[in-house]
Amino acid sequence: NGSEERPSFMLAAIPGLEAAQSWLAVLLCCAYLLALTGNCAVLLVVRLEPSLHAPMYFFLCMLAAIDLALSTSTVPRVLSFYWFGTREISFGACLVQMFLIHTLSAIESTVLLAMAVDRYVAICHPLRHAAILTNAATAKIGLAAMARGVLFFLPLPLLLLPLPFCGSRALSHSFCLHQDVMNLACANTTPSVVYGLTAILLVMGLDAVLICLSYILILKAVLRLGAWKERLKVFSTCIAHICVVLAFYVPLIGLSVVHRFGRDLAPLVHITMGNIYILVPAVLNPIIYGVRTKQIQRRIL
């Protein structure tokens, strides 16, 4: 019947720590507030500081906006569960949250690739950098990143929409992810499995390969420079971006590995990896660029 096809799902509690969830939620809330403060500060500083009106910092603003949206689409709901016990999430709300998480992650991946290309052009073709990466081109890249994320990941909830859910309704995370919800369906999920894996490989997988290729070309250009001091000075302009890429891809890969091969792992591992994936990039990105960019430091102070 309709209630079987459109069930509510049960968000995962922290196993063995249910009594301490309200205190753990305080830590989660502090991390969320830090992410909000840091990313809002980046947006404000770039807006107020004319010297930061350049493609690299416009991409940083895009990252900040994505991190704000991604953390806000999940953390308040998790806090509501941890503090007030509202464990149940409706089918529709779950699909919307799932779509937002995967789409925003895809957009962030595309923006990180664009930032890698920006570093490549700035180091390997410095005289053409201003002509290639204009403000208009940067805006078009941002719009293309949004369109790419939506087009690739909108089918995920649509493929789950007709499936019946007649068994367990317990998720393995405190929010909704595609594979987690798909595993609860009591029907053939092969189309969802194939499409989900294809979308991940064609977006995040391809972006990761192209980012690595960009840095191979950057390293080749840097090693052609004369003195080691000059090489380090040029390559140091990439350090912040490399750290941000690692902060995004390491939790993403970790969560994917846990989903694919970690069904026998303790539930705490799933929940911890999920929370790291949602919050670590949002917390670290503004700190990394704040530490590495003197103009941002000065403006914040």
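Each residue, glycine too, has its Cβ placed from N, Cα and C.
Within its own chain, the transmembrane segment (20-45) is flanked in space by residues 13-14, 52, 60-61, 64-65, 67-68, 71-72, 75-76, 78-79, 82-83, 275, 279, 282-283, 285-287, 289-290, 295-296, 299-300, which lie at least six positions past its ends and keep a Cβ under 8 Å from the stretch. Summarising the annotation, TrEMBL assigns transmembrane segment to 20-45 (among others).
Under the heading domain 'G-protein coupled receptors family 1 profile', TrEMBL lists 38-289.
According to TrEMBL, the feature transmembrane segment maps to 57-83 (among others).
Sequence-distant neighbours of the transmembrane segment (89-117) (same chain, 6+ residues past either end, Cβ-Cβ under 8 Å): 6-11, 56, 59-60, 62-63, 66-67, 69-70, 73-74, 77, 141-142, 144-146, 148-150, 152-154, 156-157, 160-161, 165, 175-178, 181, 199, 203-204, 207-208, 210-211, 214-215, 241, 244-245, 248, 252, 278, 281. Annotation comment: TrEMBL describes 89-117 (among others) as transmembrane segment.
Residues or ranges marked as transmembrane segment in TrEMBL: 129-154 (among others).
Taken from TrEMBL, the feature transmembrane segment covers 193-218 (among others).
Here TrEMBL flags 239-262 (among others) as transmembrane segment.
A Cβ distance under 8 Å defines the sequence-distant neighbours of the transmembrane segment (268-291), meaning residues of its chain 6+ beyond its ends; these are 12, 14-17, 28, 31-32, 34-35, 38-39, 41-42, 60, 63-64, 67-68, 70-71, 74-75, 78, 101, 108, 172-175, 177, 240, 243-244, 247-248, 251-252, 254-255, 258, 262, 297, 300. The transmembrane segment annotation in TrEMBL covers 268-291 (among others).
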Checklist entry - Under an 8 Å Cβ to Cβ limit, what residues of the same chain, 6 or more beyond the ends of the transmembrane segment (239-262), are close to it? => result 63, 105, 108-109, 112, 115-116, 119, 177, 179-180, 200, 204, 208, 211, 215, 269-270, 273-274, 276-277, 280-281, 284-285, 288-289, 291-293
